[in-house]
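What TrEMBL annotates here:
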| type | residues | note |
| --- | --- | --- |
| TRANSMEM | 20-44 | transmembrane segment |
| DOMAIN | 37-286 | domain 'G-protein coupled receptors family 1 profile' |
| TRANSMEM | 56-74 | transmembrane segment |
| TRANSMEM | 94-116 | transmembrane segment |
| TRANSMEM | 136-154 | transmembrane segment |
| TRANSMEM | 193-217 | transmembrane segment |
| TRANSMEM | 229-249 | transmembrane segment |
| TRANSMEM | 269-288 | transmembrane segment |
Amino acid sequence: NLSTVSEFVFVGLSDAPEIRLLLFVLFLLIYLATMAGNITLLIAISTDSHLHSPMYFFLGNLSLLDLLCPTITVPKMLGALLLEHKEISFSGCLFQHFSLIAVVGTEIFLLTVMAYDRYVAVCHPLRYPSIMSTKLCAQLATGTWATGFLNSLLHTSLVFTLSFCGPNKIQQYYCDIPPVLALSCSSTHSRELVILLVAGVLGSGACAVTVVSYIYILLEILAKNSPGIWHKAFSTCGSHLTVVCLFYGTTICTYVRPSSTYSPQWDRVVSMLYGMLTPLLNPIIYSLRNKEVKCALKRVISQVT
């Protein structure tokens with residue numbers, strides 16, 4: 001007899017008690033470090049007048065996303081490691097899935113907006129304040145969040161309107177698209193195609209804008225070829241370019257593939273790289289490569305201590 005699934009069970013990272021405790025301590029420390037780094041960066045951007053510019057406004061949005069991303073998945077994973085609470089309700093899984101895809105999508109579009117911001121800063125420095133006005137920055141930020149949520153609404157509706165009446169063990173530590181699709185007792189082929197098509201169009205479009213922005217930046221640098229231009233351009237764009245490569249690398253490995261290539265063990269590793277390591281490294285990358293951020297962070301830390 002087949003019955004409708006009311007809850008899912010995460011397979012988890014390990015069944016050995018000693019390994020679970022070690023993983024719990026490790027991931028808890030990473031999560032706390034991620035929270036501390038991004039919260040400190042947000043405080044620095046909001047309180048330091050030197051950082052009240054479009055670039056840091058978008059960086060503040062990125063830090064907020066990097067706070068949300070691990071918070072959606074890590075607490076549940078920590079509970080499963082420490083207390084073996086691996087169950088999640090159907091509605092809880094739906095909400096987790098929607099929230100995570102919304103954050104991932106928003107970050108893709110935000111990084112694209114940040115690439116355009118860097119293009120204007122390098123190629124049109126004199127017109128930068130007038131082009132990247134407060135109004136335009138607010139509209140771009142609102143647009144990235146709205147598009148991310150609408151994209152997530154589409155993906156979530158495609159996945160969770162399927163029938164789930166058989167196995168309920170999710171081969172992952174959170175509700176992600178491939179492992180949830182694998183549990184459906186409905187045909188998922190057509191919906192997988194729609195998901196891949198939408199993700200492909202939006203992702204490739206965002207990637208194309210980012211690549212074109214950096215091509216124009218490169219052409220501008222080669223045209224001027226003045227002393228110190230390479231160092232100045234790298235200091236302006238280096239942090240963003242590093243974050244983009246890190247984000248796209250882990251996201252493509254996680255999502256841009258059919259479910260036939262799904263490997264639970266490999267996907268758990270890649271998901272941790274995206275879900276935990278990237279939000280931890282982003283504030284570090286911007287702090288190490290940016291003197292203004294360094295100074296602002298030092299002022300924040302000195303005020304706290």
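Positions of Cβ are set from backbone N, Cα and C atoms, glycine also.
The shown structure was predicted, so the numbers you read here are calculated from the model rather than taken from an experiment.
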* Structure fact -> Maximum Cβ pairs under 8 Å to the transmembrane segment (136-154) among 20-44, 56-74, 94-116, 229-249, 269-288 is reached by 94-116
* Structure fact -> Long-range Cβ contacts under 8 Å made by the transmembrane segment (56-74), restricted to residues 6 or more beyond its ends, are 27, 31, 34-35, 38-39, 41-42, 45-46, 96, 99-100, 103-104, 106-107, 110-111, 113-114, 117, 137, 140-141, 144-145, 173-174, 243, 275-276, 278-279, 282-283, 286, 292-293
* Sequence-remote partners of the transmembrane segment (229-249) [C-beta within less than 8 Å, at least six residues beyond its ends] -> 62, 107-108, 111, 114-115, 118, 121-122, 207, 210, 214, 217, 221, 274, 278, 281-282, 285-286, 289-290
